[in-house]
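Here's what TrEMBL has on this protein:
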DOMAIN    402-537  domain 'FAD-binding FR-type'
REGION    1-47  region 'Disordered'
TRANSMEM  136-154  transmembrane segment
TRANSMEM  220-248  transmembrane segment
TRANSMEM  293-311  transmembrane segment
TRANSMEM  323-349  transmembrane segment
TRANSMEM  361-380  transmembrane segment
């Protein structure tokens, strides 16, 4: 009689189940009323979760004085089909309604021959444990999310206080000092790669084989902990020492339950409109990494679920009979299809295949994901398994994300003649795409948008950083004097992007534009967004922006925003240093019109300094510095030397942002970590790994 929920006989021949308060509340109300009306000596208080049912039934012969007990049946409304019979003077029996000729427990997912009461009780206990372990996974995710939210709220408060305190403070000495504990945390946890300095630099086995990037140390700690927790939950309390059938059956149920449970965060993290991005302040790139690893966990658990059933079948008959059962039984076939779809997702999502055939990967990924969800749905629905409730959030998250994306695309691009794109072919195999929007957008520095070009590829969308934005004049609007910051905060009617020709859609776009007269063409376009922009730079007294190649598109809006804010006294920034590494001077044409406008902004010389590094100059004559604030150098920069130099004259907290190739990001990351104990430095890496 230990533990809530145990079904057992009651001493002195009075039989009844021992119920927890939660289970007691699930008993049919009429039966509860009947129990409550019995004499106190035949029952215990309802609040303690016990009930004892006396047996009263008529004598076998009329007039007989033989008083025996009547047989009552307790129905657990929480677990459909599960009943508790209180009858003979031996023990309480557990029965299950028969929907087929074979006995099966829906909660436990069992099947096969009729089970003994002890086996049935073990199945019920295992099902309850599976549910508890599923809840524990959600508790873990909730605790991690709560910790991240606390950290995010703290950083938001600190950034706001720092901004307000430094608006009229050119010294900002207090905010330049660092705390040793915070510096240690940043150096060894928040900004640290796994080992050495490599994090975002891609691992290339050859020019054609790319095996992806490594997670950061913090990401690895979380992933290792979550993976280890799932492994432990899969095997804990599995009776491996008992019969093979019992162990395989419980392992099958456990892994199947956990696989479905993990599908919820898996599909949530895949969405562009994932609400956790804004809530936790974690980038889509990081969620994309977590999505891939959660997918691998689901795949392993789905395969273990299938193999546990199949091995049990082979143990009792043969492997061939298992395959025959899969083909003949729709319940098994749907589950097998779902497992195969998950395995297919894992294979085609592997980094070498994903990088080599990205556009094909995207289409197949969606189709296989749909097949996996449909197969899992039918597998659970055919027997009304309780795990079906976990699949509803999966469908809601996926359908909701797709629906909201469609609404954003439709609203932002349909009407008023639609959105149009002017595509200009530029030197260095790049295009400048200026999109005139059907409806104005509100845009912030560091954001990106997904671009659809039906004439190039009707079913694809690709993310690009918004490099520049403009607002069209309304001739009917009242002429009002606006400062630069007011103009930048207006809703934009055009957005510009720099797209480097690589493979697939980007290469096709460049070649099509280059083939047009003057290298310009106009085509229909749709934009979805904007997304991102989680990390602003306005609260830092010293801002360093590193860009490599086309990564300049992420930094130009920050430069424009900070220079305008400095002129209007709305930002803490007093020093802004832009470091741009390019291969050839002709790449300067990518942003020449925008940089010309920035250099003409009010008080620009007081705050902005630009350092251009040309890694592959054709001759030294190409290298010349237009002014003391705009300097050009040959070769690659020494990142550590540049940061050290700026740190010596640092104003306030230093914010460092980098956007470019993985090798550049890793160099900046290492330099920032090495100098954490000298002054207060924050680091932000803008990346989009796929």
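Using N, Cα and C of the backbone, Cβ positions are placed for all residues, glycine too.
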Other parts of the chain folded back onto the transmembrane segment (293-311), taken as Cβ under 8 Å at six or more residues beyond its ends: 223, 226-227, 230, 234, 248-249, 251-252, 255-256, 258-259, 262-263, 265-266, 269, 319, 322, 332, 335-336, 338-339, 342-343, 345-346, 349
Distal contacts, the transmembrane segment (361-380) - CB-CB under 8 A, six or more residues away: 260, 263, 330-331, 334-339, 341-342, 344-345, 348-349, 353-354, 387-388, 391, 394-395, 398, 459-460
Tertiary contacts of the transmembrane segment (220-248), as residues 6+ beyond its ends and Cβ separation under 8 Å: 112, 119, 122, 126, 129, 133, 136-137, 140, 144, 194, 254-255, 258, 262, 290, 293-294, 297, 301, 304, 308-309, 311-312, 315-316
Segment confidence, the domain 'FAD-binding FR-type' (402-537), expressed as mean pLDDT: 85
DSSP-assigned states of the domain 'FAD-binding FR-type' (402-537) in counts, ordered helix, strand, coil: 30 helix, 59 strand, 47 coil
